[in-house]
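Undergrad: Quick paste of what TrEMBL says about this protein:
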type	residues	note
DOMAIN	43-447	domain 'Amino acid transporter transmembrane'
REGION	1-33	region 'Disordered'
TRANSMEM	40-64	transmembrane segment
TRANSMEM	70-95	transmembrane segment
TRANSMEM	120-141	transmembrane segment
TRANSMEM	172-189	transmembrane segment
TRANSMEM	201-222	transmembrane segment
TRANSMEM	242-261	transmembrane segment
TRANSMEM	282-301	transmembrane segment
TRANSMEM	330-347	transmembrane segment
TRANSMEM	367-387	transmembrane segment
TRANSMEM	393-415	transmembrane segment
TRANSMEM	427-446	transmembrane segment
Amino acid sequence: MTIGNISPKEKRSRRGKQVVDENAPLLPKRRGEEGGFDEFNGASFTGAVFNLSTTVVGAGIMALPATMKVLGLGLGIALIIFMAFLTEASIELLLRFSRVGKSVSYGGLMGDAFGRFGKGVLQVCVLVNNIGVLIVYMIIIGDVLSGTSSSGVHHAGVLEGWFGEHWWNGRTFVLLVTTLAIFSPLACFKRIDSLRFTSALSVALAVAFLVITVGISIVKLINGGIQMPRLLPVVTDLASVINLFTVVPVLVTAYICHYNVHSIDNELEEPTQIKGAVRTSLALCSTVYIMTSFFGFLLFGDNTLDDVLANFDSDLGIPYSSVLNDAVRISYAAHLMLVFPIVFYPLRLNLDGLLFPSARPLASSNFRFASITTGLIALIFLGANFIPSIWDAFQFTGATAAVCLGFIFPAAITLRDRHNIATKKDKILSSFMIVIAVFSNIVAIYSDAYALFKKNASTRE
């Protein structure tokens, strides 16, 4: 389900007594008129920042150092900052049109602008994006803890390295325990603000990874083991120019968090705080992104792999290298475990809205809540165990769906301008966002298809 329409007056009443309208019906006419905030005094600004930051910082952070290898530090960092400002602008458009249209969900806003079809397309995009992302998260957690042989060469996991190969540290069993002991309990919370403490810990683990990487870089810099990194890309021919555009999807999708903005906004004690929470979160995430990109590329240079975590599978050339490698991998796996429920929350809401558009709010139906939660977790678990090559497929589908959620839909809502509030500047910005989003989609499709074609060709040979 997507949260239904609640008037601003009703929304403000969450902090105090319920505002009673003498003319209001005793029973809600639609599912959306049931706010469900009576027993909740409102979320804090800090909780909103951490939940939004956790939504942003997921697995994509590990691909950013590789973008520096392609673009160089100067151009790469400049684009990270530029995308942060563009993301803030797109979220501001969403919030502004939501206020005017009195929509309290992304789906409701799309429905207001484009009707039932627009709302349905939005919900499908959330499903495609979030299911793909969560399967990839679970695959990475399995790779880190139990190892992987998907590339033809076996890379030992942390548990296998510590205890040797046993049935209880095999991939399926480890993911089953992780699902039952961590994912399932955290997925049972009915309010996103209930995840604020795990979100804070998730951000702390991302910072821990960053601190370890910075520490290793400084030690190697002092020992003279690091060369000066490139500031600009290497452009020698047309192929190298085309190669620059392959990082566009990574940068465009780096800050996608739009599907959770309304849920976080709805639970805030003071609704006017959402803009400050968005800006604070984007500033925090930008800092983490820039430092991870800078020190990751500084540490590994042109040997930086597409997933920088894979670089921590070898000798770093400093004392306690194996200990630091394990610390990096474990902190990252734990970070993804805590990101899981934040991404799962809007997935469950939108699937419910797609399947039961006229039903009561999901939080008020324990059976529906439990059934959808169990079904989705089972689907993600099966995908991570039996379709490990799904990474390539969901890199394609996830990137395209994420771009729609982050830029195409907000821009389309603005250009539709159903309430006649868009300025000329808004429409120019929206047109630019659609161009860059469509371009990144084309690049994503081309790069993934080309990589898949090369992989199949090499297999035949």
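The count begins at 1 with the first shown residue.
Glycine is no exception: its Cβ is also placed from the backbone N, Cα and C atoms.
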Undergrad: List, by number or range, the same-chain residues at least 6 past the transmembrane segment (70-95) whose CB is under 8 A from its CB atoms?
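TA: Apart from its flanks, the transmembrane segment (70-95) reaches 64, 106, 109, 229-234, 243-244, 246-247, 251-252, 254-258, 261-262, 265, 274-275, 278-279, 282-283, 285-286, 289-290, 293-294, 297, 406-407, 410-411, 413-414, 426, 429-430, 433, 436.
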Undergrad: With an 8 Å cut-off on Cβ pairs and a sequence gap of 6 or more, do the transmembrane segment (201-222) and the transmembrane segment (120-141) reach 3 or more such pairs?
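TA: No; fewer than 3 Cβ pairs under 8 Å.
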Undergrad: Under 8 Å for C-beta pairs, could you tell me which stretch among 120-141, 242-261, 282-301, 427-446 has the largest tally with the transmembrane segment (172-189)?
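TA: The listed stretch sharing the most Cβ pairs with the transmembrane segment (172-189) is 120-141.
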Undergrad: Thinking of Cβ pairs under 8 Å, which stretch from 40-64, 120-141, 242-261, 427-446 has the most of them with the transmembrane segment (282-301)?
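TA: Between the candidates 40-64, 120-141, 242-261, 427-446, the best contact partner of the transmembrane segment (282-301) is 40-64.
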Undergrad: In the same chain, who gets a Cβ under 8 Å from the transmembrane segment (40-64) while lying at least 6 residues past its ends?
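TA: Tertiary neighbours of the transmembrane segment (40-64) are 14-15, 76, 80, 133, 136-137, 140, 191-193, 195-196, 198-200, 202-203, 206, 250, 253-257, 259-261, 264-265, 267-270, 273-274, 276-278, 280-282, 284-285, 288-289, 292-293, 296, 306-309, 332, 335-336, 338-339, 342-343.
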